[in-house]
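Noted in TrEMBL for the protein shown:
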type	residues	note
TRANSMEM	20-41	transmembrane segment
DOMAIN	31-254	domain 'G-protein coupled receptors family 1 profile'
TRANSMEM	53-81	transmembrane segment
TRANSMEM	101-123	transmembrane segment
TRANSMEM	144-163	transmembrane segment
TRANSMEM	183-207	transmembrane segment
TRANSMEM	235-256	transmembrane segment
């Protein structure tokens with residue numbers, strides 16, 4: 001009876017473990033798909049020409065995040081369901097390399113895209129004349145393509161011998177190895193944190209400009225209600241994206257930095273951060 005109880009407890013624990021990545025994948029895919037649908041409708045709407053570059057960035061951010069979930073979550077779920085150690089499922093280590101590559105690409109690219117969005121909005125609000133003459137949806141598309149290419153090239157470095165991907169606690173996922181003070185891990189953490197700093201600085205500059213302009217219009221004889229609505233929407237979008245990215249990625253990036261430059265072991269914290277960021 002005792003053994004049966006232990007077996008049932010193990011089954012319940014396994015079911016709970018599988019439910020976590022499965023729920024995150026389904027909610028993430030549904031949320032990103034909805035975001036892409038709304039962005040598509042807004043992009044085709046009349047009067048959206050001034051916001052098309054921003055909408056392209058939002059749509060690309062949602063698409064990138066969704067692709068990352070679709071490529072990595074099924075692997076985690078398969079490991080949980082099999083009940084076998086990763087080494088038994090992946091003796092060659094190629095699946096671990098693919099998982100680590102995917103985590104790096106779809107971890108770094110959203111941070112870089114968010115930075116691009118923040119810079120784009122800062123230029124649109126603080127330098128509208130320059131923005132109108134230099135920025136276009138085509139230029140935004142080229143910039144996004146460059147970000148994706150840079151993310152893929154960076155993630156391929158371990159396959160060229162610069163850094164490596166390794167199995168992470170609790171043995172259900174792979175990511176950048178921090179053993180021995182990896183320069184690749186330090187570069188990833190530095191790029192990620194720099195992206196968050198740029199995003200925060202540009203968003204704060206944009207918010208300050210929006211608030212100042214709203215105050216100026218409020219003091220005019222006929223304040224523009226449409227401008228106030230657009231400014232509020234933009235402000236909420238920027239704050240939301242900045243808070244979500246900072247809450248999800250800052251703990252993981254700081255943890256990688258601590259493991260790389262110090263003797264602190266933060267495997268559990270990193271696993272929690274990756275689950276949160278997905």
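Positions of Cβ are set from backbone N, Cα and C atoms, glycine also.
Because TrEMBL annotations are produced automatically, they should be read as predictions rather than curated entries.
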- Item | Contact call for the transmembrane segment (235-256) against the transmembrane segment (20-41), three or more Cβ pairs under 8 Å | no
- Task: Would you mind listing the long-range same-chain contacts of the transmembrane segment (53-81), meaning Cβ under 8 Å and 6+ residues beyond its ends?
- Result: 14, 17-18, 21-22, 24-25, 28-29, 32-33, 35-36, 39-40, 42-43, 89, 95, 99, 102-103, 105-107, 109-110, 113-114, 116-117, 120-121, 124, 135-137, 139-141, 144, 148, 171-173, 237, 241, 278
- Message: So if I exclude everything within five residues of the ends of the transmembrane segment (183-207), which remaining residues of that chain have a CB under 8 angstroms from its CBs? That is, six or more out.
- Response: 104, 107-108, 111-112, 114-115, 117-119, 121-122, 125-126, 154, 157-158, 162-164, 176-177, 234-235, 238-239, 241-242, 245-246, 249-250, 253-254, 256-257, 259-261
